[in-house]
Amino acid sequence: MATLLVLHGPNLNLLGTREPDKYGATTLAEINQDLERRAREGGHHLLHLQSNAEYELIERIHAAKSEGVDFILINPAAFTHTSVALRDALLAVSIPFIEVHLSNVHKREPFRHHSYFSDVAVGVICGLGASGYRLALEAALEQLTGRA
């Protein structure tokens, strides 16, 4: 049994109502419920946190190490383009992670094209809406079982 942690960055608490043309109509609660169900069906444990505060995400990453978290799925949202601190926290705990974005950041404003995470992530999924989280979970479980 693996333990996975899903981290959602700033403004993702507004999913379903925030710019649905860019981010879709699925709520964060629906995404989390789907991931929890899929993990549970596979015999795994899934934790999640959404925060608009960078320090809360960093502290959660630090705690993940001592909790035995095996893999992290992270949508850093706006912190993607600004947070060296989150990047450093992920590197410090040495837990593999996949970066997820609902929208295709490469089709958006130029400042969104740069990520502080992509070069150290196992992989990046962007532009596939809420399905990206499901695909990231599947990929993480394949990585953990050696089927990747």
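Just so it is clear, glycine is given a Cβ too, placed from its N, Cα and C backbone atoms.
Note that the structure is a prediction, hence the values are computed from the model and not measured.
Annotated active site, proton acceptor per Swiss-Prot: Tyr23, in sequence order, evidence recorded as sequence analysis. Sequence-distant neighbours of Tyr23 (active site, proton acceptor) (same chain, 6+ residues apart, CB-CB distance under 8 A): Leu15, Leu102, Ser103, Gly129.
As annotated by Swiss-Prot, active site, proton donor applies to His101. The secondary structure of His101 (active site, proton donor), as reduced to three states from DSSP, is extended strand. Neighbour density for His101 (active site, proton donor): within 10 A of its CB lie 22 other CB atoms from the protein chains shown.
In the three-state DSSP classification, Asp88 (substrate binding site) falls within a helix. The substrate binding site annotation in Swiss-Prot covers Asn75, His81, Asp88, Leu102, Ser103, Arg112.
Annotation source Swiss-Prot lists site 'Transition state stabilizer' at Arg18. Under the DSSP three-state reduction, Arg18 (site 'Transition state stabilizer') is assigned to coil, being neither helix nor strand.
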Three-state secondary structure, which DSSP defines for Asn75 (substrate binding site): strand
Pairwise CA distance, Asp88 (substrate binding site) versus Arg18 (site 'Transition state stabilizer'), rounded so that it is a whole Å: 29
Sparsest Cβ surroundings (other CB atoms within 10 Å) among the binding-site residues Asn75, Ser103: Ser103
Mapped DSSP class for His81 (substrate binding site), helix or strand or coil: helix
